[in-house]
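Worksheet: one structure, shown below.
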2 protein chains.
Amino acid sequence: MTENKLYNVAIVGATGAVGQKILTILEDKDFPLNELKLLSSKRSAGKKVSFKNKELLVEEAVPESFKGVDIALFSAGGSVSKQLAPEAVKHGAVVIDNTSAYRMAENVPLVVPEVNKEDISNHQGIIANPNCSTIQMVAALKPLQDAFGINRVIVSTYQAVSGAGAQANQELEKQAQQFLDGEDLTAELLPVKGDEKHYPIAFNALPQIDVFQDNGYTFEEMKMINETKKIMHAPELSVAATCVRLPFFTSHAESIYVEVDKEGVKVADLWEALESAEGVVLEDDPASQTYPTPLSAANKESVFVGRVRKDLDNDKGFHMWVVSDNLMKGAALNTVQIAESLIKNNWL
Amino acid sequence: MTENKLYNVAIVGATGAVGQKILTILEDKDFPLNELKLLSSKRSAGKKVSFKNKELLVEEAVPESFKGVDIALFSAGGSVSKQLAPEAVKHGAVVIDNTSAYRMAENVPLVVPEVNKEDISNHQGIIANPNCSTIQMVAALKPLQDAFGINRVIVSTYQAVSGAGAQANQELEKQAQQFLDGEDLTAELLPVKGDEKHYPIAFNALPQIDVFQDNGYTFEEMKMINETKKIMHAPELSVAATCVRLPFFTSHAESIYVEVDKEGVKVADLWEALESAEGVVLEDDPASQTYPTPLSAANKESVFVGRVRKDLDNDKGFHMWVVSDNLMKGAALNTVQIAESLIKNNWL
């Protein structure tokens, strides 16, 4: 790290839910920031956003926007990333992309710093930020992989509506009020904006996140399966996922079954591995009803783990409950942490 | 079945959520009913309840209440069942108990008619109705057990607040309104009425249903594990459960992983087995976004199954999403169906 060097950072999608969280995190952190450039679609350009008591003008993102930019943080949807990330790279920026556009590309590192920070060093201009539900799972699995080896993961998710964007929050709020007022619920967005049918999310559960693939799994489920293997460098790891959207605003929760390689592992061994893991906080004491919930994890930086227990039939099987703020560690915070790793390790 | 014979039925807990559902079902069904006796705690006695356009007086349940009663349906909590079910049996009634008081007792059949109707014939006066989350799971597992054999089940549940009683519905509704009004949420009941701490359920998820056991599992989880083995006559079946309370009023949903014994089984084979199973309705077409949800299953009699797919790593592993109204098939309907089986097969 060049001492005292400051960096020009661009945020593409600055007015979106994740873009706004990135701004909050950059304000709070001691990030070596020189110039901050806020970019968006034509539609949102011209808006003003406050940052450290200054008003910043949001500009339309075009190829020329990236001149002089060192690090460009993209979260404006896959199509924007596909179009503009290569342009940013051409202009000399390193892109950290928060969409699914490049995650599975061979020459693009997919990174959760606590898990595979070193992969950043191989970047060719673009580094991908994993899917929110993947990030918190691998953060909790990594210490177990290191300590005991793992060979099998089965996860069922409990995911907040904010993963589908700020509009989904509004839809949940509107439908909840409609229900309390005795009105019919109007569903216009969820489960998937561009899909054919829409179902109410208020006081309901939708077993579909993102569109269905030919194999009967949703794209969200396939993201969890494929991204986990890539991030953990474990192509042989068996991963199965069922992803469900639920009526809360913030944080994803996950019921995870994991099988370890080592024999004779105890719950106390998992606790020890999890407690000493970077970015993970153990909240697990049944006697005092201590476990994380979506509300308790909201606006926090960590991945919270509770309900750790041994399978009653399989000596190598364990169950746990993993909760994290999907916009923080699940998106904005992990993006900023990748940028910090880039800088700290001279990997720009 | 004695032709045209009519039966005297008592409902203990007639003013509760399940008792009310039982009344609705008895009104709708062509049940061979002679006299209907509504019983309750001292507190609710004296209330009037309408049944088939008549007003019925609710009486306090005491041992003598069961004189002349053929079938007594209990859903007034475990302590009431422990106290009064033996008294009802002494007076010649057959008890169908909807609490956990007798479920694991050796001489008490635990019955889901579609799964183990014949067990009713061994009753010694008391027949137990399983836990709501167990009933819908075994209804979906039974056709797979019959067709392919099964050896392993891992379930994560998504459970409605009404499983914790009518007061829990009121708590969710109140908290949802508090949230929309920008007020702090007051939690007084959930996750468990008698437990020390209470957490908000509105816009949240609570990974605790019923109290914790010494092994780190909740009592709800142990109910699912133990009851499933008993009902399916499968002591060697590996069953693991994680039970989570969610902010919706009606229906439990379950993400179930199941391993079959037979090799080469396909999703189409599971569809066929499920479609021909009694009490089960297959709602599974990803192309048209067809799958059951808590709202779509509410007030219906069946167990709905969707999202059936093969595990991507294990040829014998399958995932499915099972939804049913927790007060209907999960409680009141199954109770009435046991009574119907009793009568139809002359097992009284």
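Positions of Cβ are set from backbone N, Cα and C atoms, glycine also.
Lifted from TrEMBL, the feature list:
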| type | residues | note |
| --- | --- | --- |
| ACT_SITE | B:Cys132 | active site, acyl-thioester intermediate |
| ACT_SITE | B:His252 | active site, proton acceptor |
| BINDING | B:Thr15, B:Gly16, B:Ala17, B:Val18, B:Arg43, B:Ser44, B:Ser162, B:Gly163, B:Asn326 | NADP(+) binding site |
| BINDING | B:Arg103 | phosphate binding site |
| BINDING | B:Gln159, B:Arg245 | substrate binding site |
| DOMAIN | B:8-123 | domain 'Semialdehyde dehydrogenase NAD-binding' |
Practice task
Would you mind ranking the binding-site residues B:Thr15, B:Gln159, B:Asn326 by how many other Cβ atoms sit within 10 Å of each Cβ and giving me the lowest?
Solution key: B:Thr15
Practice task
Among all chains shown, work out which of the recorded positions B:Arg43, B:Arg103, B:Arg245, B:His252 has the most CB atoms within 10 A of its CB.
Solution key: B:His252
Problem - Cα-nearest neighbour of B:Thr15 (NADP(+) binding site) within the listed recorded positions, B:Arg103, B:Cys132, B:Gln159, B:Arg245, B:His252 - result: B:Cys132
Problem - Site diameter for NADP(+), Å, by largest Cα distance between B:Thr15, B:Gly16, B:Ala17, B:Val18, B:Arg43, B:Ser44, B:Ser162, B:Gly163, B:Asn326 - result: 26
Fill in the blank from the handout: Reading the DSSP string in three states, the entry for B:His252 (active site, proton acceptor) is strand
Handout entry: Rounded mean pLDDT for the residues that make up the domain 'Semialdehyde dehydrogenase NAD-binding' (B:8-123)
Key = 96
Problem - B:Arg103, B:Cys132, B:Gln159, B:Arg245, B:His252 filtered to the recorded positions whose C-alpha is within 10 Å of B:Asn326 (NADP(+) binding site) - result: B:Cys132, B:Gln159, B:His252
Exercise for the section: For B:Cys132 (active site, acyl-thioester intermediate), find which of the recorded positions B:Arg103, B:Ser162, B:Arg245, B:His252 come within 10 Å, Cα to Cα. Expected result: B:His252
Completion exercise
Should one count Cβ atoms within 10 Å of each candidate's Cβ, the recorded positions B:Ala17, B:Cys132 would be headed by B:Cys132
Completion exercise
DSSP puts the residues of the domain 'Semialdehyde dehydrogenase NAD-binding' (B:8-123) at 39 helix, 32 strand, 45 coil
Exercise for the section: Round to a whole number and give the Cα-to-Cα distance in Å for the pair B:Arg43 (NADP(+) binding site) and B:Arg245 (substrate binding site). Expected result: 29
Handout entry: Euclidean distance between Cα atoms of B:Arg245 (substrate binding site) and B:Arg103 (phosphate binding site), Å
Key = 22
Completion exercise
A 10 Å Cα radius around the residue listed as 'active site, proton acceptor' captures, of the binding-site residues B:Ala17, B:Gln159, B:Arg245, exactly B:Gln159, B:Arg245
Handout entry: Count of other CB atoms lying within 10 Å of the CB belonging to B:Ser162 (NADP(+) binding site)
Key = 26
Exercise for the section: Sorry to bug you, but what's the C-alpha spacing from B:Ser162 (NADP(+) binding site) to B:Arg245 (substrate binding site), rounded to the closest Å? Expected result: 10
